[in-house]
Amino acid sequence: MKIDASKPLEYATEENSNKIFGFWVFLGAEIPLFATLFTVYLVMVDRFASGPSGKEIFEIGPVLIETFLLLSSSFTIGLAIHAMRHGYKKAMMVFMGITLLMGLAFIGIEITEFFTYVHEGATLQTSGFLSSLFVLLGTHGAHVSFGFLWGSVIMYQIWRQGINPATANKAFIFSLFWHFLDVVWIFIFSFVYLKGLM
Amino acid sequence: MDLEKFKVHGEPLIYGAMISIALATIGIIVGLTVFKKWGYLWREWLTTVDHKRIGVMYILAALLMLFRGGIDAIMMRLQTAAPDMKFLDAQHYNEVFTTHGLIMILFMAMPFIIGLMNVIIPLQIGARDVAFPRLNAVSFWLFFFGAMLLNISFVIGGSPDAGWSAYFPLASIEFSPTVGNNYYSLALQISGIGTLITGINFIVTILKMRAPGMKLMKMPMFTWSVLITNIIIVFAFPVLTVALALMMFDRLFGSQFFTMANGGMDMLWANLFWVWGHPEVYIVVLPAFGIYSEIIATFSKKNLYGYTSMVFSMLIISLLSFLVWAHHFYTMGQGVMVNSFFSITTMAIAVPTGVKIFNWLFTLRKGRITFTTPMLYTLAFIPIFTIGGVTGVMLAMASADYQYHNTMFLVAHFHYVLIPGAVFAVIAGFHYWFPKVFGFRLNERLGKHAFWWIIISFNVTFFPLFLLGLMGMTRRMYTYSEETGFGPLNMLSFAGALGLAIGFVILVYNIYWSTRYEPRDTTGDPWDARTLEWATNSPIPAYNFAVVPKVQTRDALWSAKQDNIPLFTEEITKIHMPSNTGKPFILGVVFFFFGFFLVFSMWIPAIVAGVGIILVMAAMSFDRDHGFYIPAKEVIATEKKLRGETV
């Protein structure tokens, strides 16, 4: 593998730079995926049949905490990549660890939310609106959960192998993924919760 | 555990299929063991990451599926050949037309095209492999096991039976209570993920791995068509992913997306399906346009007329392909404004397509045309596809469509588009590129025999369907009475279907015959062609090019031959290669079981398989294999051997 020292580690080989570009294309595919889910949700939003509407079940409190956690974790993963660029392995591990913990807390709150909805009689089977709500939130939540597992594997590899072109590349790509989940959440916050509460 | 739901009862044909599947499986296992080929199969094929071998496996799978879908087609034509036929019952007929459509589009046309793409694209752009060789293997095995999952539905549990478009509410658990449509959602999902990965892989390959000097506007037309196709894949397939997931939720977990009560909306499925489904048509047709462009230029001995307009017309087609989906259901009550909009966008597609037709005709003009088998398919494509296109414009007129909608006229139309626009193209491409991969041509005499059988029988099969449609015969009806008068034309169509079958058998026989008797080609360029894939040896060495070519013009090899511009200027050095891996195959197997358990709502095994998927992916992440080097000496020796020189 030829290593180009003039570039940051994560871009240093041709394979690395192809992987980053490929991941951007993958994120390009994630956009129509979530766009379709949002479209389905917006089509279904008033079709709550005999079940509850959004206004009746949404609570702003937990949602604000979720938003705070996810947005902050996007900042800490940025710090982790910054530390990685300077070769500070320990700082990078700490920031990445904080990121993943905040992700985990986010998932915990989301699961609690789901339990509350179901407890109030708002289930996946109740209405078109609730089906689309659960699947939209669930897809995002599944991405965060997958990100937690993936990030843990990468942290383990950095712990064992240190920061090298291969691990730096993985961590950088993971950070792109994590930022993307944040962007999707901003849309969920605005178009699902804020719009639903209005 | 209720074993009853796995069984399919009552049909002698299905018992026949079960026995033949069992015999074929035993035959393969015994054959591999007797000839001691298990190791060979594993080392050389199942674990390969070589784009050429993956391409060959795609094409083999596509040919198998062509015959599976073809048998479906003959059964349908036989059942409707005469009034009140008793060959298939209504349920079985429903299953057969559903799997025919699914298999021919998703498991025949697409993999055939992706196979050719795999073999040719890295060669055409002067690269050593695709950008992500291991992911490429993942793509193939996900496609393969998705296809297998759909195929076993026939004998385990029952096939999908709500049409290939699986409209709701018919496809819901309420009206289709068998597991058939569970198979639909999961088999398509698994192979669809594979296709999406292919899309990403080839976009990166084409944009980042071209030989030095090959600017975008110097790429061969097939490469352009594949680039645009893969951009469509990346934008269209996620919609299918979502649609299939929602379908699965509705059928397995009782959600209310497409139901008739509780706020569900059945038309949502039709919209989502065709937002993917119409671009899908262009995913199979655009690469075909690329193949034809290469063949016409080669066998007219001229450069392609209107290169720039070819590229732009494909870009416009790809854009418009996302704006026409509602023309599939004009009659489902979305109102005049919507219908008018989609009517206009649909007719607009005829303009860039027409530009391409004229460009091909102008390329032929004053060319020194040689009538080889691939060229014959190309020349037949132009008029037949034009008939398909013109009837498409007829169908595009929303008000007139109320007459044609869901009649045999529509069936005839899309066969007139998809068979010349995809099947003839892959056959032409198969004949054209065969010598590159295997080092000898397919026999021309047998090839032309097959061509005439196929071309004549095609028209005999499908032209009567236009007339039947205008007479009022609707599609998907499993029988009709004598008074309708549909009998004679249907019989003619059945005769044509048999002719098509003969043509395809000759085509396959040609592969066998040519393997044994056709003289070997040592030039690497048997057609006197124009693009880079012909600049290396055939069969292609594992590393593709001993030296990476330097490109200065559009038809790089042609100018190298005509004006003596050297393509290979550098010394041979050691070449980096990716190593083989069995993990993509294992991932495919685990996905297969995951899908199978979900089809039958077996939750615990499904969760175990789901965890298995994550574990295999984690194992792939821990792989620290960065490939190996072929030493320069070995490369030089291989090159000499392939050129027929003694070492």
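Including glycine, each Cβ sits where the backbone N, Cα and C put it.
Note that the structure is a prediction, hence the values are computed from the model and not measured.
Annotated in TrEMBL:
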TRANSMEM  B:12-35  transmembrane segment
DOMAIN    B:36-552  domain 'Cytochrome oxidase subunit I profile'
TRANSMEM  B:56-76  transmembrane segment
TRANSMEM  B:96-123  transmembrane segment
TRANSMEM  B:135-156  transmembrane segment
TRANSMEM  B:186-207  transmembrane segment
TRANSMEM  B:227-249  transmembrane segment
TRANSMEM  B:304-328  transmembrane segment
TRANSMEM  B:340-362  transmembrane segment
TRANSMEM  B:374-398  transmembrane segment
TRANSMEM  B:410-430  transmembrane segment
TRANSMEM  B:450-471  transmembrane segment
TRANSMEM  B:585-618  transmembrane segment
When only pairs 6 or more apart in sequence are counted, do the transmembrane segment (B:12-35) and the transmembrane segment (B:340-362) reach 3 or more Cβ pairs under 8 Å? no
Answer yes if the transmembrane segment (B:56-76) and the transmembrane segment (B:135-156) have at least three CB pairs under 8 Å among residue pairs 6 or more apart in sequence, and no otherwise. yes
In this predicted model, what is the average pLDDT of the domain 'Cytochrome oxidase subunit I profile' (B:36-552)? 94
Rank B:135-156, B:304-328, B:450-471 by Cβ pairs under 8 Å to the transmembrane segment (B:227-249) and hand me the top one. B:304-328
Would you confirm whether the transmembrane segment (B:186-207) and the transmembrane segment (B:450-471) meet the contact rule of 3 or more C-beta pairs below 8 angstroms, pairs 6 or more apart in sequence? no
